[in-house]
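*Asks:* Copying in the features that Swiss-Prot gives for the protein in this structure:
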BINDING   24, 58, 59, 60, 82, 83, 84, 115  5-amino-6-(D-ribitylamino)uracil binding site
BINDING   87, 88, 129  (2S)-2-hydroxy-3-oxobutyl phosphate binding site
ACT_SITE  90  active site, proton donor
């Protein structure tokens, strides 16, 4: 007996992407956006398939992601942002709530919402993960989004 295996392909063809990005730490967030767009274009997508929504901070990402997901205008949402630890507990609260909120949007709407939010100890780590030493997490989040859409389409 052969076991059936189902997985999503890495093709952006015919997928409508919504990039929801936090403006806080925008110089890094913009690199994540560029990485996500690069990924989509390299995998057969076009600029016409991409809409970028900008919100004030990481805390607002789940709200905007849910609004977009519920609108029916996107097949996948890619949440992008940067949260850098400071000297107060603010980092822990925002990182936890943004993470939980983004996951909840995907569960509530059954629209793939990929997580491309950097949570780093310092600015150097954030820069590394936005296209230098550690790749680009925006690119990675776009890969996840397209794979999940293509997986969902097989049900």
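Every residue, even glycine, has its Cβ placed from backbone N, Cα and C.
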*Asks:* Out of 87, 88, 90, point to the one nearest residue 24 (5-amino-6-(D-ribitylamino)uracil binding site) in space (Cα versus Cα); all of them are recorded positions in the record.
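*Replies:* Smallest Cα separation from residue 24 (5-amino-6-(D-ribitylamino)uracil binding site) among 87, 88, 90: 90.
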*Asks:* Would you mind listing, in sequence order, the residues at least six apart from residue 84 (5-amino-6-(D-ribitylamino)uracil binding site) in the same chain with a Cβ closer than 8 Å to its Cβ?
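*Replies:* Non-local contacts for residue 84 (5-amino-6-(D-ribitylamino)uracil binding site): 25, 91, 118, 120, 121, 122, 123, 126.
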*Asks:* Rounded to an integer, what is the Cα-Cα distance in Å between residue 58 (5-amino-6-(D-ribitylamino)uracil binding site) and the residue listed as 'active site, proton donor'?
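*Replies:* It is 12 Å, counting Cα to Cα.
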*Asks:* For residue 129 ((2S)-2-hydroxy-3-oxobutyl phosphate binding site), list the number of other Cβ atoms lying within 10 Å of its Cβ atom.
*Replies:* 24
*Asks:* Long-range same-chain neighbours of residue 115 (5-amino-6-(D-ribitylamino)uracil binding site), Cβ under 8 Å, sequence gap at least 6?
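*Replies:* Those within reach of residue 115 (5-amino-6-(D-ribitylamino)uracil binding site), by Cβ under 8 Å and sequence separation of 6 or more, are 79, 99, 102, 103, 141, 144.
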*Asks:* Among the recorded positions listed here (24, 87, 90), identify the one with the smallest other-Cβ count within 10 Å.
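*Replies:* Per-residue Cβ counts within 10 Å for the recorded positions 24, 87, 90 bottom out at 87.
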*Asks:* For residue 88 ((2S)-2-hydroxy-3-oxobutyl phosphate binding site), just give me the three-state DSSP call.
*Replies:* coil
